[in-house]
Amino acid sequence: MMLAQNLRNLALKGLQYFQTYDWLMLMTVITLGYIGWIICLLLHILQSYTSLAGDVFKNPHDAWQRNNKMKVYLFGCVLMGAISVVLFMEHSPPLYHAYFSMTVFLWTQIVGEYQLIKTLCRWLSGGNYNYIIKILASSAVSIFILEFLVNSFTERKLYTWCFLIMGIVAAFYLFQAIPWRSGIPIYVCSACWFLSVFTLMPAEIPDNNGLVIASGAIIVIIGAAARWLDQHSEGNKYWLRISYHKMEKPRSPVLFFLQALLVGLSSVMVSLSTSHRKEKQELHAIHQLINWSIAGFSTVLPLFSENSLLSRLTSIFLGFAPSFLLLSIGYEAVFYGALALVLVAWILFENTILHLMMAKKLSASMKRTGEITMLENDVRYLQLSDVRIPLIFLILFNVAFFGTGNFASIASFEISSVYRFITVFSPFLMATLLIFKLFIPFMLVICVFSAITKLLQVPRVGCYFLVILFSDVMTIHFFFLV
């Protein structure tokens, strides 16, 4: 017994040693690597997608800076060589070399931009106190939202409070900015509150065939309302940019009716397939063929939609709805429509802000910070206020993931989700179908994000870089939670 207890204590000590071996060195190197990557990304955004590239980062000593960069890179190579020798002598794993090499490379790049960083610090300390306060406030709000997203990974009900508050704040702002009769503030608030309900639902989705079938009617109604607004909004200045059409030829409703028909047909097939399963009957091959045909054909149809923003997004929404319905078993089918309503609310909110900015006269301070300067292809520079776009994108992207549970929930692997497409056990095909189902809400959020960058004429790649930057801030927090 004494030997067994001694073995147990030694095993626990060995496990503790194994889990914390070189932990300080590894955590320091990896954290510095993430921070270095964030700084490099931030410098790239400032240089390539903001007006600071022309106003602040003008450097007449290019040859001198190149010589200094060569010295910095040479020093970085020598440092990495020395570290590699030490790691090799200590018989360190190959990953240690990878961690150190990436960190040294990133910080060598940062030190090589020393003159640029010095110029930026000099510009910030040159009396732009109001701008510094705005930067600090935006940073504080961004960190708060990112910390909220980190905590939402363990408590998805936080999104309920998030959308309740977002609905009130957005509606209050719009009430102050535009007339009451527009109806946009009420719609934005209602859509946010409707979506807030779903994160209170159980992560293990219960079977509810009737709800899936009713969701088909809801999706068609949403698509019809969007099409009606697209055709009857010529006189509404708050919708004009969203529904702009080149009226060279009449718009044919054939595509919309075809997509609506496919959504209705998918609801019928959901009912037939589920009734066969409940009666323990084998699903007919013709039913499987119809389901595959509906899903495949409807996914291709958005490629033939019109170029206007609302028409294209409506077509994408209707195009992926049949596939989502055929892979749904419960309330997640309603979530698809609720998410679409919130995405339209986001577009309306951004379009209203754009209209107010265009109507407002640009002040001298706005001109000084380069807010009206254009990059190329009619794309303007990023502004500090544009930080809200990647932040809202991250919130909606996470809601698309957690709104109906998560990937690890039982519902995600429920056999009835793929029964309408395949009845023979095939893990790879089943996994592909389930991942495709989970991808559809993400795809909606990504399409709306791209549409908003086009609507506001902001550089899309620059916004994506901001999304990556914010994601890396969250990653550092997750790393310390391990």
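In case you wondered, yes, glycine gets a Cβ from its N, Cα and C as well.
TrEMBL does not curate its annotations; it predicts them automatically.
According to TrEMBL, the feature domain 'GPI ethanolamine phosphate transferase 1 C-terminal' maps to 13-482.
Here the transmembrane segment (23-46) has Cβ contacts under 8 Å with residues 52-53, 57, 96, 99-100, 102-103, 106-107, 109-110, 113, 116-117, 120, 382, 462, 465-466, 468-469, 472-473, 475-476, 479-480 of the same chain, all six or more residues outside its ends. Feature annotation from TrEMBL assigns transmembrane segment to 23-46 (among others).
Taken from TrEMBL, the feature transmembrane segment applies to 72-89 (among others).
What TrEMBL records for 129-146 (among others) is transmembrane segment. Within the same chain, residues 365, 369, 384, 387, 391, 394-395, 470, 473-474, 477 sit at least 6 positions outside the transmembrane segment (129-146) and bring their C-beta atoms closer than 8 Å to a C-beta of that stretch.
Using a Cβ-Cβ cut-off under 8 Å and counting only residues 6 or more beyond its ends in the same chain, the transmembrane segment (158-175) has close neighbours at 148, 151-152, 184-186, 188-193, 195-197, 199-200, 342, 345, 349, 352, 395, 398-399, 402-403. For 158-175 (among others), the entry in TrEMBL reads transmembrane segment.
Taken from TrEMBL, the feature transmembrane segment covers 184-203 (among others).
The transmembrane segment annotation in TrEMBL covers 209-229 (among others). Listed as Cβ neighbours of the transmembrane segment (209-229) (distance under 8 Å, sequence separation of 6 or more from its ends, same chain) are residues 239, 243, 253, 256, 259-260, 263-264, 266-267, 270-271, 274, 310-311, 313-314, 317-318, 321, 325, 328-331, 333-334, 336-337, 340-341, 344.
As annotated by TrEMBL, transmembrane segment applies to 254-273 (among others). Cβ atoms under 8 Å from those of the transmembrane segment (254-273) belong to residues 209, 212-213, 215-217, 219-220, 223-224, 227, 283, 287, 290-291, 294-295, 297-298, 301, 304-305, 314-315, 318-319, 321-323, 325-326, 328, 419-420 of the same chain, restricted to positions at least 6 beyond its ends.
Per TrEMBL, transmembrane segment is recorded for 285-304 (among others).
The feature transmembrane segment is assigned by TrEMBL to 335-358 (among others). Within the chain carrying the transmembrane segment (335-358), a Cβ under 8 angstroms from the stretch's Cβ atoms is held by residues 163, 170, 174, 177-178, 184, 187-188, 191-192, 194-195, 197-198, 215, 218-219, 222, 226, 237-239, 241-242, 309-310, 313, 317, 321, 324-325, 328, 389, 392, 396, 399-400, 403-404, 440-441, 444-445, 448, 451-452, 455-456, all 6 or more beyond its ends.
Taken from TrEMBL, the feature transmembrane segment applies to 389-408 (among others). Taking Cβ pairs closer than 8 Å, the transmembrane segment (389-408) reaches residues 142, 145-146, 149, 152-153, 156, 159, 162-163, 195, 198-199, 201-205, 331-332, 335, 339, 342-343, 346, 350, 438, 441-442, 444-446, 448-449, 452-453, 456, 458, 463-464, 466-467, 470-471 in its own chain, all 6 or more past its ends.
What TrEMBL lists as transmembrane segment is 428-449 (among others).
For 461-480 (among others), the entry in TrEMBL reads transmembrane segment.
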